[in-house]
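So that you can see what the record holds, here are the features copied from Swiss-Prot:
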- Gly175, Pro176, Pro177, Gly178, Thr179, Gly180, Lys181, Thr182: ATP binding site (BINDING)
Amino acid sequence: MSARLKGGLFVRYKQMERKLRLLEIREGYVRKEIETLKREERHSREELDRVKSVPLIMGQFLEPIDSSTAIVGSTAGSNFVVRILSTVDRELLKPNTTVALHRHSSAIVGVLPPEVDSTIPVMGESEKPSVTYGDVGGLDVQKQEIKETVELPLLQSDLYRQIGIDPPQGVLLYGPPGTGKTMLVKAVANHTKATFIRVNGSEFVQKYLGEGPRMVRDVFRLAREKAPSIVFIDEVDSIATKRFDASTSADREVQRVLIELLNQMDGFDPAANVKVIMATNRADTIDPALLRPGRLDRKIEFPLPDRRQKRLVFNAITSKMSLNDSVDIESLVCRPEKISCADINSICQEAGMLAVRASRYMVTQRDFEEAYSKVVERSGTQPAFYN
């Protein structure tokens, strides 16, 4: 091999050697850069975890300003302009969405699922009442009407579609206290597979401005999400009284709750499989706007029981009791005093307690006589508007 060729190969070898050293140096720089970036990523994740660490503040997303800031409402009733963490999915930020806020900066650090802020009791299959229609003595007309209003549209919706009519959306149960309104609703909840949501009207009256209407929206949103469902609002007269020129902020807030309730009732799709049951002792105080057809299509009255109803209620309650042969239920039924179904239940319970007090295993007629006198005297007279 000639000296010139050997010299050329040596020069090329040296060049390749320098390039290799240069690549090794660059590789070292890249490795250090990767380590630095990993360290920064680890620090950033630790910082993000620290920002997201509990306790956080729950708030309500109202509206976005731009991609990085938004307006949120706090549980204290104030609104704030806050930053949105870059890791938060913007697609989940819808109006009235519940969000988690940083406890110091109030920045939005996450979106909470709807169930997190749900103070609304939802009864599952295992939590539904065990009351059946057979446990409710009498009330045959009321049972039939509530079945047609609530059960049939949920179980046989095709029947209404073939006839060409819209099923009733809501029903109002009204009558004196203790006439079986709530107990019949429990039987409805037991006999249907629908989700049962029960709230009391007074629960919508909250301390802070806007909380009551928001809770109404949450109730009906939850009902639509879990359809088929039944919404039962007990003591609805606490939020649905006739509107007037309110002079206090509390009265105005109650009227806002009523307006939101009217809006939600109007927003129902007949095919949504959501039924509303409301109960009250004072139907005469309910706002007429709520009573019109299209909102509460059926009004079912629960009067004080007549002689036949008393007999059926007594028989339903005493069927599970150990009675002496001397017990004459008919003598209690024929008495002229106006008593409710709850009074009849109290009479039977009191008679049973008298037997327990005397260490007896059977209830006698004398126990019923003493219990009747005690309960009727305690119940007194009914207010004028129930007569």
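Just so it is clear, glycine is given a Cβ too, placed from its N, Cα and C backbone atoms.
Neighbour density at the Cβ, taken as the number of other Cβ atoms within 10 Å, is lowest among the binding-site residues Thr179, Thr182 for Thr182. Sequence-ordered, the extra residues of this chain that approach the ATP site, with Cβ no more than 8 Å from the Cβ center of Gly175, Pro176, Pro177, Gly178, Thr179, Gly180, Lys181, Thr182, are Asn281, Phe302, Ser340, Cys341, Ala342. In the structure shown, the C-beta of Gly180 has more C-beta neighbours within 10 angstroms than that of any other entry among the binding-site residues Gly175, Pro176, Pro177, Gly178, Gly180.
Using a 10 Å Cβ-Cβ cutoff, Lys181 (ATP binding site) registers 26 neighbours.
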